[in-house]
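J.: TrEMBL lists Cys60-Cys81, Cys104-Cys141, Cys183-Cys205, Cys237-Cys264, Cys277-Cys318 with the feature disulfide bond. As annotated by TrEMBL, domain 'Corticotropin-releasing factor binding protein N-terminal' applies to 52-177. What TrEMBL records for 185-306 is domain 'Corticotropin-releasing factor binding protein C-terminal'. Taken from TrEMBL, the feature signal peptide covers 1-21.
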Amino acid sequence: MPSAFQFQCHFILIFLAASKGETRYLEVRDAGEDEPFLLLSEDLKRELSAGQIYRRSLRCIDMLSIEGQFTFTAEQPQLHCATFFIGEPEELITIDYNFVNIDCQGGDFLKVFDGWILKGEKFPSSLDHPLPTSQRYIDFCESGNIQRSIRSSQNVAMIFFRIQQPGNGFTVTVKKNANLFPCNVISQTPSGRFTMVIPHQHRNCSFSIIYPVVIKISDLILGHLNGLFLKKPSAGCAGVGDFVELLGGTGLDPSKMFPLADLCHSFHGSAQMKIGCDNTVLRMVSSGKHINRVTFEYHQLNLQETENRKENSIEEFCFPSI
């Protein structure tokens, strides 16, 4: 049975944005039974580890989680196409244009977006991304040869394009680069473990899990300075510059999601919560004055866990949608 993330991926592929800040609804034809993510066989992994470059053609609607060289050639006018790229949490994505043959004057376009966008909602949100929204779009028809290599700010990126003349198209090479301090992340999997560290940076970082999940925070350090923990206010997180919040909802943008819990006290131990939302986000807000760190693990919430709700679980929100 397809996972919740697969349904969400198809949802993203159907409802994607095709121009600055605007969403165009796509009609996906002949989607087939292909997995949204390219699942590698052991033989292919061995071939790639030997230094060979993976190559294949792109579909009008596609999703990739692997390095390689990818070519799209229009067999008919293609008006609303997109490819979504995703890496591991600690990876950035670089997209290099190898060859582009499109008619910019005739209305074709080829754009890279730094992140994902869907139904007008962006990840990372405008509050969490280091660049203003206008600078997150790189239009080949405007930049041309000036910017033929584009690197994402997080583990997801996308290209969207219109090519009207059959035979026209483009080739891109996708590479992964290490990110020492991952900030904004979309998880590829329904389970995992992650440590988010913000070292003296004034920024907000979100970790998005597109599943209903059980999330367990095992370590939280806030306001760490010269080996001392600064005392926090006793009432809530109001006015605190460094804290972690848990969000839930059905969309992509963390800034438009429902706040479920705030954590503004450092602790070592375990705090577990069950969140039955389609999308769960752990978001760290950092003032830049301290080194903040949070370690957590998560797994997909199953029906039995939904029925056995404990006191430290969030049960008044989202569960009816499971």
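Each Cβ is built from the backbone N, Cα and C atoms, and glycine gets one as well.
Just so you know, TrEMBL annotations never went through curation; they're auto-generated.
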J.: Among Cys104, Cys183, Cys277, these being the disulfide-bonded residues, pick the one whose CA is nearest to that of Cys264 (disulfide bond).
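T.: Nearest in space to Cys264 (disulfide bond), counting only the disulfide-bonded residues, is Cys183.
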J.: Cys141, Cys205, Cys237, Cys264: which of these disulfide-bonded residues has the sparsest Cβ neighbourhood within 10 Å?
T.: Cys141
J.: Using C-alpha atoms only, work out the spacing between Cys104 (disulfide bond) and Cys60 (disulfide bond) and round it to an integer in Å.
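T.: Cys104 (disulfide bond) and Cys60 (disulfide bond) have their Cα atoms 18 Å apart.
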J.: What does the structure give for the C-alpha distance between Cys237 (disulfide bond) and Cys60 (disulfide bond)? Integer Å is fine.
T.: 46
J.: How big is the gap, in Å, between the Cα of Cys141 (disulfide bond) and that of Cys277 (disulfide bond), rounded to a whole number?
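T.: Distance between the two Cα atoms comes out at 39 Å.
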J.: Please report how many Å separate the Cα atom of Cys277 (disulfide bond) from that of Cys205 (disulfide bond), as a whole number.
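T.: Cα-Cα distance, Cys277 (disulfide bond) to Cys205 (disulfide bond): 20 Å.
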J.: Using C-alpha positions only, work out which of the disulfide-bonded residues Cys60, Cys81, Cys183, Cys205 is nearest to Cys318 (disulfide bond).
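T.: Checking each of Cys60, Cys81, Cys183, Cys205 against Cys318 (disulfide bond), the shortest Cα distance is to Cys205.
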J.: Looking at the disulfide-bonded residues Cys60, Cys104, Cys277, which sits with the largest number of other Cβ atoms within 10 Å of its Cβ?
T.: Cys277
J.: List the Cα distance (Å, whole number) between Cys60 (disulfide bond) and Cys205 (disulfide bond).
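T.: Cys60 (disulfide bond) to Cys205 (disulfide bond), Cα-Cα distance: 31 Å.
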J.: Calculate the per-residue pLDDT averaged over the domain 'Corticotropin-releasing factor binding protein N-terminal' (52-177) and state the result as an integer.
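T.: It averages 93.
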